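> Please find one structure pasted underneath; my questions will follow.
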């Protein structure tokens, strides 16, 4: 109780601060009243009434704008031209005065005025700063965005700060998009969250004319856009058939096609068509039927696996894998849909039509 009382008392008297417990920026909410603030009850069931404080936004004391930051008029007058000469640095003003044969008085008069304007600026800013820090003002209720938006406009007087902020926001949004969707199509630049989505896009959009596009990209010595430059780097990792170049080693035993380090026997590698990772069928625990089936389609590893019907890898916890061909299917994409994964082995409709009674689902049940 004492700790909470001290914490609440500290929050009531301190300036806005970042609470380390909740991570919230605490501000003075003016809910703490004293006995002298009590008034008579105005409605049945009330004991006291307290005066309400109407919220008002702080009227900022803007320092006088430096005339050097003001926009020039469209039709310059002779008097304004003389004023501008006083605002130019000393070397430039004296040089122009000599060239125009102006008297020395015109060069001397603007100097103290500039000095006064420069000396008045910090004094006014100090007084404005004192007024900002007064406890009676309601600056606590102002958002930080008010300061961030108004301060650059008052200081520079140009729209340059706004443009920079907008460009920075666009860059941040682009960086977030790149981070959320790291896999980009090397032909059209479309981005995906995972590699299976990108491979599905390749298979249905660019697989037919990928060879011709690859030949045209090789002729260009200097690609016009960074996307095309990135596409050439990615195309170098793909074969002429659009498949990823396979690794020459097994991801599980680190052996190659000549030696399986688990069995010390030569064994052919099976490679993923999307990422190029390879593995021995025995390391992948493939059956002989599955070893023959994976050679007939674009096989995908477990990390790149997507549904053979909808082509996406979303809801991978709903994917069923065929025990005969290792294809993946969403349980809700099947016809009819399946609510729970079946017990034992399961065969897809393609393997049931091809293998008939030799499918794994019948072998396990018999």
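Note that the numbers count up from 1, one per residue, in the order the chain is shown.
For all residues, glycine too, the Cβ spot is worked out from N, Cα and C.
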> Name the residue range among 112-139, 140-167 that Swiss-Prot annotates as region 'Disordered'.
140-167
> Please compute the mean pLDDT of the model over the zinc finger (304-354).
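The predicted confidence over the zinc finger (304-354), as a mean pLDDT, is 88.
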